[in-house]
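Accompanying notes for the structure given below.
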């Protein structure tokens with residue numbers, strides 16, 4: 001008899017930058033779990049702008065630091081992948097968009113977790129579906145619509 005896939009989330013958080021006010025591992029676990037269908041093996045690495053820029057250039061061909069990068073490895077039997085989050089970009093965006101910082105971290109974690117599960121926003125229909133899913137997940141946790149700017 002084949003074992004059923006696990007619903008367990010094994011989440012590691014790597015704090016590779018010195019920045020006050022970063023979310024705790026427990027926050028990332030809550031946000032990631034809310035977006036995850038089934039189980040997962042995920043690492044979230046918080047990086048400085050230099051590392052974020054280097055990774056974005058290497059993997060996406062864009063020479064700037066971005067808010068979150070997703071590196072999916074597998075979806076069966078559990079989701080496996082890495083998220084790279086750049087706190088300096090997240091903080092700047094939250095301030096510019098007049099969003100609570102915690103809500104922006106929650107949104108980007110959910111967004112990244114959906115990418116790890118195969119969601120994308122390569123065309124308008126996919127983007128709308130992904131945004132709707134993000135809104136639903138975030139609302140269930142009590143966060144505002146991240147796209148109502």
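Cβ coordinates come from backbone N, Cα and C, glycine included.
Annotated in Swiss-Prot:
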BINDING   111, 115, 121  Zn(2+) binding site
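With every protein chain in view, the residue among the binding-site residues 111, 115, 121 whose Cβ has the most Cβ partners within 10 Å turns out to be 111. The Zn(2+) site is defined by 111, 115, 121, and by the 8 Å test on Cβ atoms against their centroid, the other residues of the chain that qualify are 70, 112, 114, 119, 120, 130, 134.
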